[in-house]
Amino acid sequence: EDFSFVSPIVKFVLFFFNLLFWVISMVMVAVGVYAWLLKHSEATMACLVVDPAILLIVVGVLTFLIAFCGCIGSLRENIVLLQAFSICLAIVFLLQLVAGVLGFVFSDKARGKVSEIINGAIMHYRDDLDLQNLIDFGQKEFSCCGGVSYKDWSQNMYFNCTMDNPSQERCSVPFSCCLPDDDEVVINTMCGHGIQAMGYVEASAVIYTHGCIDSLVNWINRNLFLLGGIALGLAAPQLVGILLAQILISQIRDQIKLQLYNQQHRADPLY
C-alpha cells in the first residue's frame with residue numbers, strides 16, 4: 001500500500017524520539033543487569049523490593065517495550081503499534097498524575113509508607129551493597145541518620161543495641177551518620193561505634209541525630225518549584241509522544257480512506 005501522503009516529518013520525528021528512549025532503556029537494562037550480576041545471589045534475594053538494580057531493570061524493560069512500539073509503529077506505519085504506544089504513554093502519565101495527587105491528599109499515609117520503606121531498607125542495610133551505598137549517600141546528602149532518629153538503626157541485626165547481640169557493631173550507626181570532619185584525610189568508618197548507647201545531647205556532638213524522614217519532607221518543601229519543573233520535564237515528552245502518535249494515526253487512516261475511495265471509483269466504468 002502506498003502511504004506517500006503520510007507526513008514524513010511527523011513519522012521520522014516520532015521515530016527518532018522513540019529511538020532515543022530505546023537506547024536509554026537498553027543502557028538502563030545493561031547497567032541494572034551488570035549491577036545485579038555483581039552481587040551474591042543470596043544478597044540479591046534478600047531484598048528485591050528495594051533493590052536498585054532490579055528497579056533499574058524493570059523500568060528499563062518497560063521503557064524498551066513502549067519505545068519499541070513507537071519506533072516500529074512509526075517506521076512501519078502500523079496503527080496497532082502506534083495505538084499501543086499511545087495508550088501506554090497515557091497510562092504512565094495518568095499513574096504519575098494519580099500518584100502525585102494521592103501523595104498530596106494523603107500526605108500522612110504517604111509519610112507512613114516512606115517510613116515503612118526506610119525501616120525495611122535499614123533492616124537490609126548489610127544485605128545489599130547497592131542499597132547500602134544508596135542509604136549512605138542519602139544520609140550524607142540530607143545530613144540525617146535513620147528514619148525518625150538515629151536509634152532506628154537498632155532495627156538492623158548488626159547494629160541492634162540489645163545485650164545479647166554478639167555483633168561488633170552493636171549499638172553503632174553507619175559512618176554516613178557522622179558529622180563531617182574537614183581535617184580528616186581518611187574516612188573513619190568506626191566513628192559511629194556505640195552511639196546508640198549515648199543520649200541525644202552526647203550523640204549530637206558526633207552524628208546527625210534527627211531522622212531522614214523529616215529532612216526529606218523539609219527538602220521537598222524547600223524545592224517545590226524544582227520538583228514541579230522535574231515533573232513537567234517528565235510529562236512533556238510523554239504528551240508530545242502521544243500527540244505525535246495520534247497525528248500519525250490520523251494521517252494513516254486518512255490515507256487508507258483515500259485509497260479505498262480511489263479503488264471504488266476505478267471499478268466504476270463511468271470513472
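Just so you know, glycine gets a Cβ as well, placed from its N, Cα and C.
Listed in TrEMBL for this protein:
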- 12-37: transmembrane segment (TRANSMEM)
- 49-75: transmembrane segment (TRANSMEM)
- 81-106: transmembrane segment (TRANSMEM)
- C144-C177: disulfide bond (DISULFID)
- C145-C161: disulfide bond (DISULFID)
- 224-249: transmembrane segment (TRANSMEM)
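The sparsest Cβ neighbourhood within 10 Å, among the listed disulfide-bonded residues (C144, C145, C161, C177), is found at C161. Residues 44, 51-57, 59-61, 63-64, 66-68, 70-71, 74-75, 85, 130, 237, 240-241, 244-245, 248 of the same chain lie 6 or more positions beyond the ends of the transmembrane segment (12-37) yet place their CB under 8 Å from a CB of it. Counting in whole angstrom, C177 (disulfide bond) lies 16 from C161 (disulfide bond) by their C-alpha atoms. A gap of 19 Å separates the Cα atoms of C144 (disulfide bond) and C161 (disulfide bond).
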